[in-house]
Amino acid sequence: MSGKGGWAWWWARLPLCLLLSLYGSWVPSSLGKPKGHPHMNSIRIDGDITLGGLFPVHGRGSEGKACGELKKEKGIHRLEAMLFALDRINNDPDLLPNITLGARILDTCSRDTHALEQSLTFVQALIEKDGTEVRCGSGGPPIITKPERVVGVIGASGSSVSIMVANILRLFKIPQISYASTAPDLSDNSRYDFFSRVVPSDTYQAQAMVDIVRALKWNYVSTLASEGSYGESGVEAFIQKSRENGGVCIAQSVKIPREPKTGEFDKIIKRLLETSNARAIIIFANEDDIRRVLEAARRANQTGHFFWMGSDSWGSKSAPVLRLEEVAEGAVTILPKRTSVRGFDRYFSSRTLDNNRRNIWFAEFWEDNFHCKLSRHALKKGSHIKKCTNRERIGQDSAYEQEGKVQFVIDAVYAMGHALHAMHRDLCPGRVGLCPRMDPVDGTQLLKYIRNVNFSGIAGNPVTFNENGDAPGRYDIYQYQRRNGSAEYKVIGSWTDHLHLRIERMQWPGSGQQLPRSICSLPCQPGERKKTVKGMACCWHCEPCTGYQYQVDRYTCKTCPYDMRPTENRTSCQPIPIVKLEWDSPWAVLPLFLAVVGIAATLFVVVTFVRYNDTPIVKASGRELSYVLLAGIFLCYATTFLMIAEPDLGTCSLRRIFLGLGMSISYAALLTKTNRIYRIFEQGKRSVSAPRFISPASQLAITFVLISLQLLCICVWFVVDPSHSVVDFQDQRTLDPRFARGVLKCDISDLSLICLLGYSMLLMVTCTVYAIKTRGVPETFNEAKPIGFTMYTTCIVWLAFIPIFFGTSQSADKLYIQTTTLTVSVSLSASVSLGMLYMPKVYIILFHPEQNVPKRKRSLKAVVTAATMSNKFTQKGNFRPNGEAKSELCENLEAPALATKQTYVTYTNHAI
């Protein structure tokens, strides 16, 4: 080879040459092994033309090991099928007469990297080696046995293995025919131009599976794929076909790692359960992964939940479902149309250790198949394993069922044989044996003959290839069924461009012939609207019409009018109930009780005061302001009845007037009293003259002025916003429309209520301030301290009222809670004033009349001086026990005051 083309050829193969130089069989010692002796990792059969073979005799190893357990069906059955086909061709006088086919068969160990390493054996003979620098000990050149030239390869099984091997074989133009690889990627003739297969591409299989899913009325499925070309390409093809055909949505696409960790399959099942409606699982996985998925489903107690649909890697194999029959029941599988080869059954059943020495793995198969050991040294003490006798027979002493791909292995070998036969006929016409034009065989020419073969396969099916090297799509459809305690695969249909499915033959766990559901979304219930999922036309979310919405049509929710709420099933609207506080409501019991008792007590006090109007205690309490205060207390109690009465124009008008008026009257009277006391004592500190406006008439005038301000505000309110009742649908518009209520109430908002009571609160706070300022006045001189205690207690009541009243604004019982809170607070305020200011006086009047006598009169100067000195002395009260200093001082101050001849304004003690 010379010129640019030659250099390009060598540069393209330079990396491979470097790899081969590291490979163990490249050294002369290994190449010098005598022909016909089996290698440790391969079967070598002599012939005029050598075919390569790649089979997964062992599974993938773990913990750094290349190979694992023996695979009896996928490995030994398929390998023996190739040997069986070679024997038939070599014994056929009409096919390749006088030409013997040999073989070099390797174990891929179900791993693409190991298969790559093994397949380097096939290209050794195609690379010439320069041995000029290699000399033996005698100085002569070494004798190197040239490796056999492999003209074509049968295999591999897994798509990922075939892809890896095809990348090397195409460099050396070695045709390859696979018997099991179905990944759509291998149909790319620009990348895998020397690859052909006797099984159809997964593109056909994916279409068939989509047709099955649609026939079963499933529209929501998950996919599960083994990592690698076969699984990932198969799922990708299925998804693509489902999109093209429509009507099928993919819930999840889960990938099984090439080297799964402990617990990985349990996580996969857990993830699949996240979309529990997707009960149908489309599986493109190797049989080891399939089995571990089924085991994980059983551990998760999901037997009967999932409905499996397996690709041809599952097919009708027993290994994935062995002792997992309950979990696998109902599984629908697909397999390229095949027929059991009876001749192979007879051939394989007759294999023994004596007549099958060419298969170097047959002894291992024998031990595994019959559960015995060939060597006594391998038997362990106490073990139940027996020694092999060589009298065991396959199918008699062990179970036997032909593996599903045996037919395709035989067809692949025959396709290679027919291509070589046609090539020999054209290149060596009339010649016996090989002619120079076929020695060596040109791979490019052989590929053309392979693509043009057309013959009846071992099962009678036509064997042909299209321009991409793919076989036509013909599938049988199976279902794994259990009956009477036994399980088996039943043919339920076929697919050849179109689906032919016998649904009446199908059996489902728990439901018999009734089709199980694996649908994206259940029909929406009344009151729910459909919200389609973007990119998934068959899927939708059922979203309930929330809040005050009702269902207009399948896709729309609309809000009810403001005075209506949705019905129970949210298909229409209905009026919102209107509520008010009833007289017989439990919420009205306490306010009415307090009001009735309060009014009775107030009237009792008024009657007592009127009857004993001229007694010293009544006079000393300031009769005029006392009656005003009692009137305010009465109105506070009476307001309760207005608050509970049904709101109308009259009731709402009276509420505006009297709700704040009663409190204003009460606190105006108390404020006038405390202000009078404060001014008297403050004036006394500066002079002996009496302050202004302390007469009863002045006090009444001040009180009515304060009250008139409240009335003036109410009048302005009536003018600006006339009173009326309203039905408030917003106030009790709860989040749950079932509890929504229209509240019949007066047009008094929370803000209006604050303004209405605000003036009364201002009077109350001011009165409290004066009560604090006069707290130091001796209690024997006035009623400032009882007023102070009254105001302190009242403040506490209203401080408790505020959070309760405004904190329940969002409650469904807001009307009841706020009305009850307001009326009880008003009644308690009135009760505090009535109880602390008047009940002690009534008690003395009725039960201790001896105390209802006039007191000594004191001058203003004496009273003020005593109060002032008392305050100062209180700070030093610890110098005299029991307050003796205070009493003594007061008495010392009294004598000069009585003896003086000056005229002072005098007041009775209680009058102050």
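Quick reminder: no glycine exception, Cβ is built from N, Cα and C everywhere.
The topological domain 'Extracellular' feature in Swiss-Prot is assigned to 33-586, 646-653, 721-751, 808-826; the stated evidence is sequence analysis. What Swiss-Prot records for Cys67-Cys109, Cys249-Cys538, Cys372-Cys388, Cys428-Cys435, Cys520-Cys539, Cys524-Cys542, Cys545-Cys557, Cys560-Cys573 is disulfide bond. What Swiss-Prot lists as N-linked glycosylation site is Asn98, Asn301. Annotation comment: Swiss-Prot describes Ser159, Ala180, Ser181, Thr182, Tyr230, Asp312, Lys405 as L-glutamate binding site, evidence class similarity to another entry. Look at Swiss-Prot and you will find 587-607, 625-645, 654-671, 700-720, 752-772, 787-807, 827-847 tagged as transmembrane segment. Here Swiss-Prot flags 608-624, 672-699, 773-786, 848-912 as topological domain 'Cytoplasmic'.
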Maximum Cβ pairs under 8 Å to the transmembrane segment (625-645) - stretch from the list 587-607, 654-671, 700-720, 787-807, 827-847: 654-671
Positions whose Cβ lies under 8 angstroms from the transmembrane segment (654-671), at least six residues beyond its ends: 625-626, 628-629, 631-639, 642-643, 703, 706-707, 710-711, 714, 717-718, 723, 746, 748, 756-757, 759-760, 763-764, 766-767, 770, 787, 790-791, 826, 829-830, 833
Cβ neighbours within the same chain of Cys560 (disulfide bond) - under 8 Å, at least six residues apart: Tyr548, Gln549, Tyr550, Pro566, Cys573, Pro737
Spatially closest candidate among Asn98, Ala180, Cys372, Lys405, Cys428, the listed recorded positions, to Cys538 (disulfide bond) (Cα to Cα): Ala180
Sparsest Cβ surroundings (other CB atoms within 10 Å) among the recorded positions Asn98, Ser181, Thr182, Asn301: Asn301
Collapsed DSSP category at Cys67 (disulfide bond): strand
Top Cβ-contact partner of the transmembrane segment (827-847) among 587-607, 752-772, 787-807 (pairs under 8 Å): 587-607
Contacting positions for the transmembrane segment (752-772) when only residues 6+ beyond its ends and CB under 8 Å are counted: 656, 659-660, 663-664, 667-668, 670-671, 674-675, 677-678, 706, 709-710, 713, 717, 784, 787-788, 790-792, 794-795, 798, 822
Which binding-site residues sit within 10 Å of Cys524 (disulfide bond) - Cα, from Ser159, Ala180, Thr182, Tyr230, Asp312, Lys405: none
Inter-residue Cα distance where the pair is Ser159 (L-glutamate binding site) and Cys109 (disulfide bond), in Å: 14
Under 8 Å by Cβ from Cys428 (disulfide bond), counting only residues of that chain that are 6 or more apart: Leu434, Cys435, Arg437, Met438
Inter-residue C-alpha distance, Cys542 (disulfide bond) and Tyr230 (L-glutamate binding site) (nearest angstrom): 37
Cα-Cα distance linking Cys67 (disulfide bond) and Ser181 (L-glutamate binding site), given in Å to the nearest integer: 20
Composition by DSSP (helix, strand, coil) of residues within the topological domain 'Cytoplasmic' (608-624): 11 helix, 0 strand, 6 coil
Chain-internal residues, separated by at least six, CB under 8 A from Cys388 (disulfide bond): Leu353, Trp366, Glu367, Phe370, Cys372, Lys373, Leu374
C-alpha spacing of Cys67 (disulfide bond) relative to Asp312 (L-glutamate binding site), in angstrom: 24
Cβ-based neighbourhood (8 Å from the centroid) of the L-glutamate site, residues Ser159, Ala180, Ser181, Thr182, Tyr230, Asp312, Lys405 excluded: Ser157, Gly158, Ser162, Ser178, Ala183, Arg197, Val199, Asp202, Ser313
Counts of helix, strand and coil residues, the topological domain 'Extracellular' (721-751), according to DSSP: 5 helix, 14 strand, 12 coil
Nearest of the recorded positions (Asn98, Cys520, Cys545, Cys557) to Tyr230 (L-glutamate binding site) - Cα to Cα: Cys520
